[in-house]
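The domain 'Gcp-like' annotation in TrEMBL covers 28-313. Residues annotated as Fe cation binding site in TrEMBL: 116, 120, 307. TrEMBL lists 138, 139, 140, 141, 142, 171, 184, 188, 277 with the feature substrate binding site.
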Ligand code: KG4
Ligand code: ZN
């Protein structure tokens, strides 16, 4: 383990991306192979767990070999194997976990158990060193959370969604607009051509806590479109997208800024698939610039916002330093939360 440099092989398979990366010293990507199976799920309008597991089985060994080859690293040079053990789909998680355990056992390497959401936060480590305390706005297909971190590996959820996650809301209204799954990116693009003419509700925006709710917005959107259809009216797709996005971004930005005032931090990290959203990126940058806060904004590049192995390697680096290892009895934990790790 005292080998230099530190090289972590990191495996991610929690949902519909099989990914393996080799990360050097926690912040340098030597390889980051991502095999997306999204095309197989699109016709179902969402991820089918059984189909996802089968794809992971087909892809995992290929990704592993390719990640080592691209990084030009041999198993003997590795310091550890890291793997996502939750949250996610149990069948999907188990494929990555089994591969990681087998590899760690065969090559006598320590095994590092990584929380997928911690991985999303640590994707920001590829942009700049993290400075504490920091706040992370985690926005993905399954999560919407404000996480306060006093130090590496210490997570305190100060607010979270009470119903749908932001990405989930994007995907559900996308279906009503006839878009393919996942529709966040397309709605984001359409939104830039339209205007917020429908003024959808901004749930809990003025309430003192930091929780979110997106199911009311989703229902308001669906009802408007369906009622319109019944009257024979069709609304402009770009205006619907712009109005939906304005509501989501308004709530996320307003609450995040309020959280930054109550919890002074050095950095704000925006992470998860929805961190790719241009409206959110631009809106947050502007709101911070117009505020009297000096918080540094860190948003991973687009390719590191979605699920990938490199982010798991970055989070694992911190655990390796602390000696936070798992043995081969490590199991998948589909509903793993930060609280459980505390
Ligand atoms: O983090 P992620 O890749 O997977 C999960 O762990 O959930 O996030 C996927 C989510 C999907 O709901 C997708 O629609 C959303 O991220 N997404 C976006 C954008 N790109 C991806 N949502 C809004 N705007 C985008 N540009
Ligand atoms: Zn994710």
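Glycine is no exception: its Cβ is also placed from the backbone N, Cα and C atoms.
Not measured: the values here are computed from a predicted model.
Long-range Cβ proximity for residue 184 (substrate binding site), meaning a same-chain Cβ under 8 A and a gap of 6 or more residues, is found for 167, 170, 171, 174, 273, 274, 276, 277.
Following the DSSP three-state reduction, the secondary structure of residue 116 (Fe cation binding site) is helix. Checking the binding-site residues (116, 120, 307) against residue 138 (substrate binding site) with a 10 Å Cα-Cα cut-off leaves 120. When each of the binding-site residues 116, 120 is scored by how many other Cβ atoms sit within 10 Å of its Cβ, 116 comes out lowest. For ligand 1, the neighbouring binding-site residues among 138, 184, 307 are 184, 307, by Cβ distance under 6 Å. In this view, the densest Cβ surroundings among the binding-site residues 140, 277 belong to 277, judged by other Cβ atoms lying within 10 Å. Long-range Cβ contacts of residue 307 (Fe cation binding site) within its own chain (separation 6+, distance under 8 Å): 12, 14, 15, 16, 17, 19, 34, 116, 273. Proximity to ligand 2 at the level of Cβ atoms, with a cut-off under 6 angstroms, picks out 140 from the binding-site residues 138, 140, 142, 184, 277.
For the Fe cation site, the Cβ centre of 116, 120, 307 serves as reference, and the other residues of the chain with Cβ at most 8 Å from it are 12, 14, 15, 84, 117, 119, 140, 272, 308, 311, 312. The average pLDDT the prediction assigns to the domain 'Gcp-like' (28-313) is 96. Annotation: 138 carries the greatest number of neighbouring Cβ atoms among the binding-site residues 138, 142 [cut-off 10 Å, Cβ to Cβ].
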